[in-house]
Amino acid sequence: MSGTSGNKRGLRRLGMSEMRCRAMSNNKQPTTPIVHCITNYVVANFVANGLVAIGASPIMGDEEREVEDLVQLADALSLNLGTVSERTVRSMKLAGEAAVKKGIPRVLDPVGAGATAYRLEAANAVIARARPTLIRCNAGEAAALLGVEWKGRGVDAGTGEVDGATLAKALASKYATTVVISGAVDYISDGKTVLTNLTGHPDMTRVVGTGCLLSSLLAAWLTKDTSLETIQDGMFRYGRAGERAVQSGIGGFSNALLEALIDEEVYTL
């Protein structure tokens, strides 16, 4: 994420009174959406605090004996393969199926899908059962899910000859879902339309967990609605918060990002 949105629509700050009116006008939108996260242990605390910062409520349980019950309490589900294991894959599949039955948004972050054969297998298994509303990934992960040749390194995006817009559109079509590919330019596609976002800063990639946090924030954002424009707006606001946070330097970035997200005119639900 690194501007203006790709369809050139103007995004402006909302005053508190207007935000309250918008929230009240949509009775289906939870006042404080509960997001059930099965995420990786490297970033769990950061993700939970980020969700609280925007006015959501996180549940971080991943025990397979309770995930179906936890989904019944949730308004959205966020799945992250960062520290994937057989146990967490089982939990993700159970939670995903329960979320499909309940009809709540499901976001998958297939971290490092192209790094190992096991990760790719796990990602496809979770997709089959959870049928994600949104897949949020980098270009390398998208290429792996599509079987496109790509030069990757671990969980980093890597490089390839297919542009991000094409990858996003193809991946969305393959899985009949919406896809966000994050990078210097963010691409958002439902398989037909492609929107872009340019906000953000290159230094955001130097802090572990910024992408994982974004995926869970998008899960909360999707409780508003699942349109491409809503997703683009969320990306725009998150990137803008990141631009503000990098001014504190890399060492203070994580706390500064949380402070920026707390700003009710930046990202609050």
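Just so you know, glycine gets a Cβ as well, placed from its N, Cα and C.
TrEMBL annotations:
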type	residues	note
BINDING	Met60, Gly209	substrate binding site
BINDING	Arg136, Ser182	ATP binding site
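Known features from TrEMBL, placed on the structure.
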residue: Met60; record: substrate binding site; contacts (Cβ under 8 Å, 6+ apart): Cys37, Thr39, Ala44, Val47, Ala48
residue: Arg136; record: ATP binding site; contacts (Cβ under 8 Å, 6+ apart): Val107, Leu108, Asp109, Val179, Val180, Ser182, Gly211, Leu214, Ser215, Leu218
residue: Gly209; record: substrate binding site; contacts (Cβ under 8 Å, 6+ apart): Val42, Val43, Phe46, Val47, Ser254
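Within 10 Å of the C-beta of Ser182 (ATP binding site) there are 30 other C-beta atoms, taking all protein chains into account.
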